[in-house]
């Protein structure tokens, strides 16, 4: 009987739950009212047919669709999307008007290009939606075990599952809907759930059923089971659930601990039973499946303005043309009697010029419509898809360890990669690996652990390498006999004044890595290993330290059947590192039951492990507010212990007077660990007597079982009563390793002119240490720390006082930056989440942004996911420049979606960030190549491609206008309709696509060697209005040259030996030939990099024109019309036709050649110089010259290893100068004293 009561009491405890990952269960507004607004859902358990019988409570099916279209909506919705674009809509109107007599063209010459372009885009949409449909079919066809009645379960597809069904889910299966947990294979009704698909977290969550349904542990138990759930309506909040279960005449409150969400997976549990509460699109995961925000690049936005400019040009020339036609009709039409202007229905009736003007305006708008590039949008889409393919296939962006390539999840933002100004980065899992290694510890005032952290090794090694590159500058320093086993260390008495940071050699680093044989454990100190700790003077404290590590946690052990080793599933990587460390120290956590944990302790006299049981009485969960976790346990001797671990500031303030014996030494050790970039926690304990614990546990039980909005507050108060009078044992130091190549990547990005901000949830000390390791911070950099430490939260007007304090600190910091006279001075801004709350207020945020922009580094600590998104929005909207956010966890989704470009890292925290991102990479270091290489290329390609599009269409379209003016604004086209059909779609589209896909101003290795080239993108050198208008002007010039030369050569004179003169068709064909040559030769001159593909597309397009002209002219007259045998019999035999083409090519390209030659000679751009250096490098023997030119092509930066080394060299030079000055004074003094002594 006593055992049953104990078991019942333990079942009512929620010590298995990880509340640190959830907000409050209930709303802060107060108790919820079931059956009130928002809480009207009624679920009949095991009776799904009742929902079908009652129309008022009919719920959605479990069928899920993520497609944008279906068979009925595809055509109207997709057509709307296509004609939402201004250019496409214009050509739609033009195609409709082309069927009327007003059109100067054959209707098919207008309809066919439009159908081709729109059809291609719609085909792309259909393909993408088909892929989504097939994914939906796969998900909806999954099967689950569903109760059929009479205690029998059968397999049923997910789409046929209904609200109220009882479902049995097996281990490693996904939950098919949102379920209420009824029972599980564990006797206490718990189960372990992986929610990676929901929140991106890979750590297991623990769910627990109600005691009332605990007995439903077999299939037969559900034969007569029934109940009613009354709960909240469907909503997207993953972490709240309010409702109750009516069963057997009793009402039981429900909370999120009983809810199993769709798309989460059952882990470490044989099976569970649950009742379906929400199905299909009512489930929380589907309620959260909002579309990612639509993002458009800056180039695309500017392109819209250029299209509007071309429309203005179109309207202008159309207005001029129609006005000219009206004037000609009024003044001269009477003389042109053969046009029969006397007919009442005639458009050329001189008595009605206004009518003639209006009608001709429509004709002119159709005639000059080729000023608008109809194939621009589809060509850009094709180019961007191909660019994204090359990004995906780049082996330099492939992570061989994880087998993960880079992925361009959207192709709309390729060119935006080349215009980034500010990078906002998460820390854990992004800059660091999120792989925790136990490295050092402090126990009883003694520090243990002799191994250096990887961040120290990486920073020191990189500095030594940079110092070697600057050998000429360092050679002037007083160094000892050269390099010893270290890369660079100034030894001896002379060099002691100029001490550099110690740098470990590659061999030392290799040895250190070889010594690391256990994942999560990089500790090395023989004083604690192999039971040597028993010989330490404070062995009792060391024993308690190890036991706290092994017992105070919420982890789950899993035994590897092959190796017999225990692995651990824990709520954080830190806890895994603690358990691995305790195992290596001889205290292995082997088993957890509903009420106990078992530790195999290996320090007995026999040398064999002894299993000890610790009964868990209570667990006080870790939360971000509490910053600590405690376990109340009873050991085998019957002693009740409170074991506590948490942030040092929290633990230290809860120590008893007698528990502060090691406080001073431990604090010093924590500071040292923090400076080494390590994550720290303090450990303490307290012994409890039975009476004290019984009284407290009664209060704790009341708080645990309470139902109301203040439940969490009650738990916090009760917990706070117990977690005091602690005895300090020591502290841990865990290393969150830097990802491979992070320091070098940050250095190169800084030299490319990019600003880097770090937004992290870690404490300030840890973030600062990682900043030093990455060289975002360095010695000598002036840190501006904005905080609210001096503001009293209890004041009546605390918010106003906080904002006033922040504004004062920002103003003082801004003044300090302005009056700083040292040009090399660098400032770093550091702010925590609490202060950031006020700094992001509307009346403060722009002053805060101005200060942040003036600083070389910005580090925001202890920030929430919402604050990350708000900071990103402020940087994006406040500066007006392109921002990139990069992260790896679910808490980074907000800032990834808010930034202009979101980059997700496919790391250990799940795929939530990747799914929300625009680009995904496996490691932070790949960001350098993604931006500096692919970003630079894509920006320049797209910019040149768009400018060329406008050039070729202006060149072509204006020749029609000139011919109109020449022919009295007749509305007649000089070109055959088939020419118009081919111009944009065939004859000029492939070369421009090759430009957008293959163009390289410099190779990839040179992009990385000369990072300052990247600044051409943020400065928008290739798509500013100066360059755009220059290309347009070039198009106007080319059109004038082509028309005037052809008119002068072919008009009213023979062009063949037989005296034949050129008619309009011959002149039009010759002019069109010149256009094809001119625009294709122009694109060839624009390219800096040729492959055989580009040659084929450019010269093949020109050849295709002649082939078409020859073949089309051979068709019967009914088909070929007025170009019958145009090439073979009329133009080809005439030498003047070929000479005209050569003359036009020379005349149209000479200005461009003159411009580019002048620019390269007088005012070259960076890539021009680098191209020449690269070209002539084979004749350069002096490698130092190459390095010197590389250094010139780097942006001046105040962060990164380069800036760090520069600062160190300036520091050393200053010291040397001061020392030389002292020596000079001393030598001068001694020389003055010598004559006087001689005279005496």
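Cβ coordinates are placed from backbone N, Cα and C, and glycine is handled just like the others.
In Swiss-Prot this protein carries:
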type     : residues  : note
TOPO_DOM : 1-75      : topological domain 'Cytoplasmic'
TRANSMEM : 76-97     : transmembrane segment
TOPO_DOM : 98-101    : topological domain 'Extracellular'
TRANSMEM : 102-124   : transmembrane segment
TOPO_DOM : 125-306   : topological domain 'Cytoplasmic'
TRANSMEM : 307-328   : transmembrane segment
TOPO_DOM : 329-360   : topological domain 'Extracellular'
TRANSMEM : 361-378   : transmembrane segment
TOPO_DOM : 379-943   : topological domain 'Cytoplasmic'
ACT_SITE : 426       : active site, 4-aspartylphosphate intermediate
CROSSLNK : 625       : ubiquitin cross-link
BINDING  : 888, 892  : Mg(2+) binding site
TRANSMEM : 944-963   : transmembrane segment
TOPO_DOM : 964-977   : topological domain 'Extracellular'
TRANSMEM : 978-997   : transmembrane segment
TOPO_DOM : 998-1027  : topological domain 'Cytoplasmic'
TRANSMEM : 1028-1050 : transmembrane segment
TOPO_DOM : 1051-1063 : topological domain 'Extracellular'
TRANSMEM : 1064-1086 : transmembrane segment
TOPO_DOM : 1087-1092 : topological domain 'Cytoplasmic'
TRANSMEM : 1093-1113 : transmembrane segment
TOPO_DOM : 1114-1130 : topological domain 'Extracellular'
TRANSMEM : 1131-1155 : transmembrane segment
TOPO_DOM : 1156-1240 : topological domain 'Cytoplasmic'
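Taking each Cβ in turn and tallying the other Cβ atoms within 10 Å, the top scorer among the binding-site residues 888, 892 is 892. The stretches the transmembrane segment (361-378) and the transmembrane segment (102-124) are in mutual contact, each linked to the other by at least three Cβ pairs under 8 Å (pairs 6 or more apart in sequence).
A contact between the transmembrane segment (1064-1086) and the transmembrane segment (76-97) is absent, since fewer than 3 of their C-beta pairs, 6 or more residues apart, lie under 8 Å.
Outside the transmembrane segment (978-997), and at least 6 residues removed from its termini, the chain residues within Cβ reach (under 8 Å) are 105, 108-109, 112-113, 116-117, 370, 373-375, 379-380, 382-383, 386-387, 390, 941-942, 944-945, 948-949, 952-953, 956, 1068-1069, 1072, 1075-1076, 1079-1080, 1083-1084, 1086-1087, 1093-1094, 1097-1098, 1100-1101, 1104-1105, 1108, 1112, 1123. The stretch in 76-97, 102-124, 307-328, 1028-1050, 1131-1155 that contributes the largest number of Cβ pairs under 8 Å to the transmembrane segment (944-963) is 1028-1050. Taking H, G and I as helix, E and B as strand and the rest as coil, DSSP gives the topological domain 'Extracellular' (1114-1130) the counts 12 helix, 0 strand, 5 coil. Highest Cβ pair count under 8 Å relative to the transmembrane segment (307-328), across stretches 76-97, 102-124, 1131-1155: 76-97.
With a cut-off of 8 Å between Cβ atoms, the residues of this chain six or more beyond the topological domain 'Extracellular' (1114-1130) that come close are 976, 978, 1060, 1065-1066, 1069, 1106.
Mean per-residue pLDDT, taken over the topological domain 'Cytoplasmic' (125-306), amounts to 86.
Within the chain carrying the topological domain 'Cytoplasmic' (998-1027), a Cβ under 8 angstroms from the stretch's Cβ atoms is held by residues 298-299, 302, 396, 418-421, 748-749, 751-754, 881-882, 928-929, 931-933, 935-937, 939-941, 943-944, 946-947, 1087-1089, 1091, 1093-1094, 1165-1167, 1170-1171, 1174, 1190, 1193-1195, all 6 or more beyond its ends. When Cβ-Cβ distances below 8 Å are used as the criterion, the topological domain 'Cytoplasmic' (1087-1092) is approached by residues 995, 998-1002, 1167, 1171 of the same chain, each at least six residues removed from its ends. For the topological domain 'Extracellular' (98-101), same-chain residues at least 6 beyond its ends with a Cβ under 8 Å from one of its own Cβ atoms are 107, 109-111, 366. Long-range contacts of the topological domain 'Extracellular' (964-977) within its own chain (CB-CB distance under 8 A, at least 6 residues past either end) are made by residues 104-106, 108-109, 321-322, 324-325, 328, 332, 360, 363-364, 367, 1047, 1064-1065, 1067-1069, 1071-1072, 1121-1123. Helix first, then strand, then coil: DSSP counts for the topological domain 'Cytoplasmic' (1087-1092) stand at 1 helix, 0 strand, 5 coil. According to DSSP, the secondary structure content of the topological domain 'Cytoplasmic' (998-1027) in residues is 16 helix, 0 strand, 14 coil.
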